[in-house]
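S.K.: Reproduced below are the annotations present in TrEMBL:
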BINDING   HIS88, HIS90, GLU94, HIS133  Ni(2+) binding site
BINDING   HIS88, HIS90, GLU94, HIS133  Fe(2+) binding site
Amino acid sequence: MVEAWYMDESQEDQRAPHRLQPNRAVSLEQLRFLGVTYRKLDADNYETDPCLKEIRKAENYSWMDIITIHKDKLPNYEEKIKTFYEEHLHLDDEIRYILDGSGYFDVRDKDDKWIRISMEKGDMITLPAGIYHRFTLDENNYVKAMRLFVGEPVWTAYNRPADDFPARKQYMKFLTGEAQ
(Lines of atoms letter the chains of each structure in order from A and count residues from 1; the text may use other names and numbers.)
(Lines give C-alpha, C1' and ligand atoms only; values in the text may rest on other atoms or scores of the structure.)
Protein backbone atom coordinates (compact mmCIF):
# COMPACT_ATOMS: atom_id res chain seq x y z
CA MET A 1 0.00 0.00 0.00
CA VAL A 2 1.22 3.48 -0.82
CA GLU A 3 2.63 5.60 1.97
CA ALA A 4 2.46 9.40 2.09
CA TRP A 5 3.49 12.05 4.63
CA TYR A 6 4.03 15.77 5.12
CA MET A 7 7.58 16.82 4.29
CA ASP A 8 10.07 18.69 6.41
CA GLU A 9 11.64 21.92 5.13
CA SER A 10 15.16 20.49 4.77
CA GLN A 11 17.10 21.43 1.64
CA GLU A 12 19.30 18.33 1.92
CA ASP A 13 19.36 15.51 -0.65
CA GLN A 14 15.99 15.48 -2.46
CA ARG A 15 16.14 11.65 -2.54
CA ALA A 16 15.90 11.37 1.27
CA PRO A 17 12.46 10.70 2.80
CA HIS A 18 12.15 14.19 4.39
CA ARG A 19 9.60 13.17 7.03
CA LEU A 20 8.48 15.63 9.66
CA GLN A 21 9.39 14.64 13.21
CA PRO A 22 7.07 13.38 14.52
CA ASN A 23 5.77 11.89 11.28
CA ARG A 24 2.49 13.31 9.90
CA ALA A 25 1.07 10.53 7.75
CA VAL A 26 -1.33 11.30 4.91
CA SER A 27 -4.12 8.84 4.11
CA LEU A 28 -5.45 7.76 0.73
CA GLU A 29 -8.64 9.65 1.60
CA GLN A 30 -6.63 12.86 2.10
CA LEU A 31 -4.91 12.29 -1.26
CA ARG A 32 -8.30 11.74 -2.94
CA PHE A 33 -9.43 15.08 -1.48
CA LEU A 34 -6.57 16.62 -3.50
CA GLY A 35 -7.71 14.76 -6.62
CA VAL A 36 -4.85 12.23 -6.47
CA THR A 37 -5.91 8.66 -7.18
CA TYR A 38 -3.98 5.50 -6.40
CA ARG A 39 -4.22 1.89 -7.52
CA LYS A 40 -2.11 -1.20 -6.77
CA LEU A 41 -1.54 -3.44 -9.81
CA ASP A 42 0.47 -6.54 -10.73
CA ALA A 43 3.64 -5.04 -12.22
CA ASP A 44 5.15 -8.48 -12.86
CA ASN A 45 2.43 -9.13 -15.44
CA TYR A 46 1.71 -5.63 -16.75
CA GLU A 47 1.83 -6.78 -20.38
CA THR A 48 -1.12 -9.15 -19.88
CA ASP A 49 -2.79 -7.73 -16.74
CA PRO A 50 -6.58 -7.59 -17.30
CA CYS A 51 -6.90 -4.90 -14.57
CA LEU A 52 -4.52 -2.58 -16.43
CA LYS A 53 -6.32 -3.32 -19.69
CA GLU A 54 -9.66 -2.42 -18.09
CA ILE A 55 -8.27 0.81 -16.55
CA ARG A 56 -6.83 1.86 -19.90
CA LYS A 57 -10.17 1.21 -21.59
CA ALA A 58 -12.28 2.91 -18.90
CA GLU A 59 -10.03 5.98 -18.66
CA ASN A 60 -9.32 6.13 -22.42
CA TYR A 61 -5.54 5.84 -21.90
CA SER A 62 -4.77 5.19 -25.54
CA TRP A 63 -1.04 6.00 -25.50
CA MET A 64 1.73 4.68 -23.29
CA ASP A 65 5.48 4.31 -23.11
CA ILE A 66 8.01 3.09 -20.57
CA ILE A 67 10.79 5.23 -19.14
CA THR A 68 13.75 4.00 -17.10
CA ILE A 69 15.30 6.63 -14.87
CA HIS A 70 18.83 5.59 -13.98
CA LYS A 71 22.17 7.22 -14.71
CA ASP A 72 23.11 4.39 -17.12
CA LYS A 73 19.76 4.32 -18.94
CA LEU A 74 18.46 7.87 -19.35
CA PRO A 75 20.22 10.30 -21.69
CA ASN A 76 20.97 13.65 -20.01
CA TYR A 77 20.25 11.99 -16.66
CA GLU A 78 21.40 14.83 -14.36
CA GLU A 79 19.50 17.46 -16.35
CA LYS A 80 16.33 15.32 -16.43
CA ILE A 81 16.45 14.69 -12.66
CA LYS A 82 16.66 18.44 -12.03
CA THR A 83 13.79 19.10 -14.46
CA PHE A 84 11.54 16.45 -12.86
CA TYR A 85 12.13 18.03 -9.42
CA GLU A 86 11.16 21.55 -10.49
CA GLU A 87 7.73 22.39 -9.09
CA HIS A 88 5.32 22.42 -12.03
CA LEU A 89 1.88 21.53 -13.32
CA HIS A 90 0.46 20.02 -16.48
CA LEU A 91 -2.66 20.87 -18.44
CA ASP A 92 -3.62 17.17 -18.50
CA ASP A 93 -3.66 14.46 -15.84
CA GLU A 94 -0.31 12.77 -15.17
CA ILE A 95 -0.58 8.99 -14.92
CA ARG A 96 2.40 6.90 -13.81
CA TYR A 97 2.62 3.17 -13.12
CA ILE A 98 5.77 1.93 -11.38
CA LEU A 99 6.96 -1.30 -13.01
CA ASP A 100 10.21 -1.59 -11.03
CA GLY A 101 12.24 0.45 -8.59
CA SER A 102 10.90 3.34 -6.54
CA GLY A 103 10.68 7.10 -6.20
CA TYR A 104 8.68 9.99 -4.78
CA PHE A 105 5.94 12.22 -6.12
CA ASP A 106 5.53 15.40 -4.10
CA VAL A 107 2.21 17.29 -4.30
CA ARG A 108 0.97 20.49 -2.70
CA ASP A 109 -1.98 20.32 -0.32
CA LYS A 110 -4.72 23.00 -0.15
CA ASP A 111 -2.53 25.01 2.26
CA ASP A 112 0.49 24.82 -0.09
CA LYS A 113 2.39 22.33 2.09
CA TRP A 114 4.37 19.51 0.47
CA ILE A 115 3.12 15.92 0.75
CA ARG A 116 5.56 13.19 -0.28
CA ILE A 117 4.08 10.05 -1.85
CA SER A 118 6.37 7.02 -1.84
CA MET A 119 5.90 4.99 -5.01
CA GLU A 120 7.17 1.47 -5.57
CA LYS A 121 6.65 -1.48 -7.88
CA GLY A 122 2.97 -1.99 -8.68
CA ASP A 123 1.82 1.51 -7.68
CA MET A 124 -0.21 3.57 -10.15
CA ILE A 125 -0.93 7.21 -9.46
CA THR A 126 -2.98 9.83 -11.26
CA LEU A 127 -2.21 13.47 -10.54
CA PRO A 128 -4.97 15.81 -11.71
CA ALA A 129 -4.35 18.54 -14.27
CA GLY A 130 -3.44 21.77 -12.51
CA ILE A 131 -1.89 20.31 -9.33
CA TYR A 132 1.58 21.57 -8.45
CA HIS A 133 3.91 18.61 -8.12
CA ARG A 134 7.41 17.24 -8.72
CA PHE A 135 9.16 13.86 -8.93
CA THR A 136 12.44 12.51 -7.67
CA LEU A 137 14.10 9.17 -7.33
CA ASP A 138 14.61 7.88 -3.82
CA GLU A 139 17.97 6.70 -2.47
CA ASN A 140 17.84 3.59 -4.69
CA ASN A 141 18.38 5.85 -7.75
CA TYR A 142 16.27 3.72 -10.10
CA VAL A 143 12.73 3.54 -11.37
CA LYS A 144 11.06 2.02 -14.42
CA ALA A 145 7.64 3.53 -15.06
CA MET A 146 4.84 3.38 -17.57
CA ARG A 147 3.53 6.77 -18.67
CA LEU A 148 -0.09 6.79 -19.81
CA PHE A 149 -1.97 9.46 -21.76
CA VAL A 150 -5.39 10.14 -23.21
CA GLY A 151 -4.55 10.65 -26.89
CA GLU A 152 -1.16 11.91 -28.03
CA PRO A 153 1.26 12.66 -25.20
CA VAL A 154 1.82 16.24 -24.14
CA TRP A 155 5.11 16.62 -22.28
CA THR A 156 4.88 20.31 -21.46
CA ALA A 157 5.47 21.20 -17.81
CA TYR A 158 4.65 24.70 -16.62
CA ASN A 159 6.86 25.73 -13.72
CA ARG A 160 5.37 27.62 -10.82
CA PRO A 161 3.96 30.23 -10.90
CA ALA A 162 1.38 29.01 -13.42
CA ASP A 163 -1.81 30.12 -11.69
CA ASP A 164 -3.36 31.75 -14.77
CA PHE A 165 -3.77 28.52 -16.74
CA PRO A 166 -7.39 27.27 -17.01
CA ALA A 167 -6.28 23.84 -15.71
CA ARG A 168 -4.95 25.46 -12.52
CA LYS A 169 -8.06 27.58 -12.07
CA GLN A 170 -10.27 24.50 -12.54
CA TYR A 171 -8.15 22.54 -10.05
CA MET A 172 -8.47 25.34 -7.47
CA LYS A 173 -12.25 25.28 -7.95
CA PHE A 174 -12.16 21.51 -7.37
CA LEU A 175 -10.23 22.04 -4.10
CA THR A 176 -12.75 24.57 -2.83
CA GLY A 177 -15.73 22.46 -3.90
CA GLU A 178 -16.79 24.88 -6.63
CA ALA A 179 -16.12 22.54 -9.57
CA GLN A 180 -19.15 21.44 -11.51
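Each residue, glycine too, has its Cβ placed from N, Cα and C.
TrEMBL does not curate its annotations; it predicts them automatically.
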S.K.: Do any residues at least six apart in sequence from GLU94 (Ni(2+) binding site), in the same chain, have a Cβ closer than 8 Å to its Cβ, and if so which, in order?
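M.R.: Correct list: THR126, LEU127, HIS133.
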S.K.: Might you list, by sequence position, any residue in that chain lying six or more from HIS88 (Ni(2+) binding site) with a Cβ less than 8 Å away from its Cβ?
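M.R.: Once residues fewer than 6 apart are set aside, HIS88 (Ni(2+) binding site) is near TYR132, HIS133, ARG134, ALA157, TYR158, ASN159, ARG160, ALA162.
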S.K.: Across all chains shown, how many C-beta atoms besides its own are within 10 angstroms of the C-beta of HIS90 (Ni(2+) binding site)?
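M.R.: Here the count is 20.
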